[in-house]
Amino acid sequence: MRTFGGFFLLVGLVLALVNFGVWEGETISSVFFTYWPAILIYFGLVGLIGDLVRRSVMGAFWNLVVLGLGSFWLLDNLDYLGNTSWSSLLIPGALIVLGFLLLFGRSGKKTARASIRYAETSVAEDSVLENLPQPAKSLQPVETDRVISTKAGELKLGGPNWKLESTRIEQKMGTIRLDLRETFIPEGETVLDIECKAGDVHVYLPDGLDVHVESRVKLGNSRVFQMQTPNGQAVYQTPGYDEAERKVRLHILVKFGDIHVTRVG
């Protein structure tokens with residue numbers, strides 16, 4: 001809503017300047033047809049800032065495309081491009097977009113969930129075990145043949161149809177969202193090694209699930225339930241984890257970015 005509010009405020013100011021003769025010789029229609037690409041620039045810039053904050057690579061890329069198109073159209077309307085042919089700009093741009101998608105398009109398993117509801121539950125003080133070992137500086141490969149690896153984008157895992165088993169999850173750049181709220185938890189201990197070089201890792205756990213979490217961020221923050229550690233390291237284990245019949249062990253390593261582990265009701 002704030003985005004639309006800013007847009008309508010900008011349009012209102014432009015119309016006021018035209019109606020009061022500040023822009024002499026300009027009519028509302030001529031102003032609109034000249035400066036309408038500013039709409040694309042505005043929304044592209046707002047979207048780009050939001051995607052950079054969320055570290056959404058693909059979102060930032062498409063907003064850059066919108067921002068670039070708006071800028072080209074505005075410069076063309078203002079005659080700053082001279083006799084530059086649009087084909088000389090659009091054809092190379094289309095090839096660059098196609099190549100980017102083929103090289104860095106999202107892959108790997110992902111859920112069909114369109115949105116995720118956030119919520120947090122309090123963690124009892126005795127749930128945090130201070131005598132646990134510190135997180136390892138590097139992740140050791142989990143003893144499983146199952147490896148999920150992607151290059152860039154947003155990787156979504158979990159859901160009722162996702163098979164939970166010991167897995168190593170690797171992401172070079174982007175966001176990993178692991179949602180175990182509706183996933184069947186098998187008996188025994190399931191180990192998930194998650195590594196992201198640049199981006200965020202979000203893990204959503206159901207209430208009552210016994211977990212052991214070791215997280216490490218080289219540059220960024222690590223938030224495990226209500227624990228937020230400025231040094232980027234966190235260790236958490238639920239009471240009775242060793243005796244639990246169904247439990248999940250999480251090893252999370254992020255080089256640049258943030259880690260968020262929450263319980264969602």
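From the backbone N, Cα and C atoms, a Cβ is placed for every residue, glycine too.
Looking at 6-25, 86-105, the stretch flagged in TrEMBL as transmembrane segment turns out to be 86-105.
Summed and averaged per residue, pLDDT over the domain 'Cell wall-active antibiotics response LiaF-like C-terminal' (153-261) gives 88.
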